[in-house]
């Protein structure tokens, strides 16, 4: 158990440790396991798939039932069930750096001898190979280099087997081309090329690319596809990540974000020392990316259809949504009551944390208000020289309690204010966030923050006007003899409903740009500067720093609006001008006090606004750890997508999940039918609708 010192350090500085494997392993196993007659827990194949293949993932390319291949690896004794010990061994295997290839090696090494006998390998391969699949000759010269000739077969060690798999897809394409090239002229039909690529690489390529494969014949004269075309295409898809890096670099240097074929080749020469691209390879890349853009100048969105394997056509997305309805219907969900209670729990913690943040910076807020309400420069009107002088005089004349004048309505009102602000920002951000990549366009971030700031004014304005009048009440009592002391309820009754929204336009003018600046700044500081991710939680000090830095420009740049709002909401004294509206207040302040008056209390506003949200988040973090939701277990699995939507985006899921998926990608290089149940003669397997299979139309 961690010491008090370690726990405090964890809260303050955050954690970057990966969760303990044994804890996650046991938790995930018990969640999906069933008991046998001897009270022993085990996973059947379906339960195993539930444990390793999260329901939330996209199974458009690699079907969910194909994760059953991994069950054969985990079931070490071929008993048809995976025990706790088997599960632990499998999870430990996935933690290895080269797990992708070792998983496949163990799939074929059924006797667990540490090497692969070709005859047994061939038997397993043939059992999974589709009846209509393209033929593959294991007696070819390429194959004999790895396994020996027919009468001189030798076993393969793990490194030899892994290296053979590395080059297998290219050999399958070569043999398939020879199979279709009946007259040996070096050309095949476009439809034959499409079938070759569909059977060898459809699990790695986008639907858009697969559907348009026959158009490759158009990059040169004639209507057929040469072997040179096929090899060039193969080279491009094998270097997708490098191709994307070159495209992104070149596009970032372009004024309009678009590049030509020449731009691509020039950039490739700059950043690639060994992977030079031939003219034909560049032609193929720009051909497929530019089918809808004949100008030859292409942007990242054009290339995404080629580079991103998760890219789907509108038709595919529509039918996929219908097919996946079955899967979603079977996925377990928490009860409605639990969701409501969890929301109440979060709201309560947020309210306490918000009140804590407001209380911590309230004296600064009071000083800021008094400074902003100070008018003109005539003798007797200037009570305070600066913020520090103001604080000293408040303590001298009103005592320490004077620094907290009007704090009660602030604490009462901060809960709905913070709740609506955070909720609206999250709602709008979620609406416009790309579900595949998790990214959001910068203008939408500003709109989300601004919308949140606008909505909070419903609660903020009444709260602010009562708070401000209570804050200046103490100074009025010292300067105006016989001035009565008012309570918050008296102020509310006296103002009425309409009066409570006096200065609302100025409040909007302040809160909308404040939130539009604050929320995007805070989000990017956490993610880009402090490196927050699903595997790295930030500590209180990091969140406090991010909140403080984000609040500085947001607070200072909106100070003029805050000054106008304060003047409109404070009750004018005898001899002082009464402002009739937003424009009148701004004009009068400028004429009587000059431009500098708009930034009165600016430093105090920075000192108050910057740390307030940091204190709020820090308190919320501590409360969540100290008072967790009853019955709320730690998340067992990854959040988000197992693999990135676009090649170079970093995947956020834990490595064991990524390696499971990568292992399936490699094993499907052997044949697209691996993992599919055997069907009666004449029947074709299309998968189970709703569980990653194709819909029946």
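Just so it is clear, glycine is given a Cβ too, placed from its N, Cα and C backbone atoms.
What TrEMBL records for 96-131 (among others) is domain 'EF-hand'. Residues 69-70, 72-73, 76, 78, 138, 147-148, 153, 155-158, 161-162, 165, 656, 659-660, 662-663, 666-667, 670-676, 678, 681 of the same chain lie 6+ residues outside the domain 'EF-hand' (96-131) yet bring a C-beta within less than 8 angstroms of a C-beta in it.
Here TrEMBL flags 168-203 (among others) as domain 'EF-hand'. Here the domain 'EF-hand' (168-203) has long-range neighbours at 61-62, 133-137, 140, 142-143, 210, 213-217, 222-227, 229-230, 233-234, 237-238, 309, 664-665, 668-672, meaning same-chain residues at least 6 beyond its ends whose C-beta is under 8 angstroms from one of its own.
Per-class residue totals from DSSP over the repeat 'Solcar' (341-431), listed helix then strand then coil: 75 helix, 0 strand, 16 coil. The annotation repeat 'Solcar' is assigned in TrEMBL to 341-431 (among others).
Annotated repeat 'Solcar' per TrEMBL: 440-528 (among others), in sequence order.
Per TrEMBL, repeat 'Solcar' is recorded for 538-626 (among others).
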Check the repeat 'Solcar' (341-431) for me and report the mean pLDDT.
77
Pull the DSSP breakdown for the domain 'EF-hand' (168-203) and write it out as helix, strand, coil residue counts.
25 helix, 2 strand, 9 coil
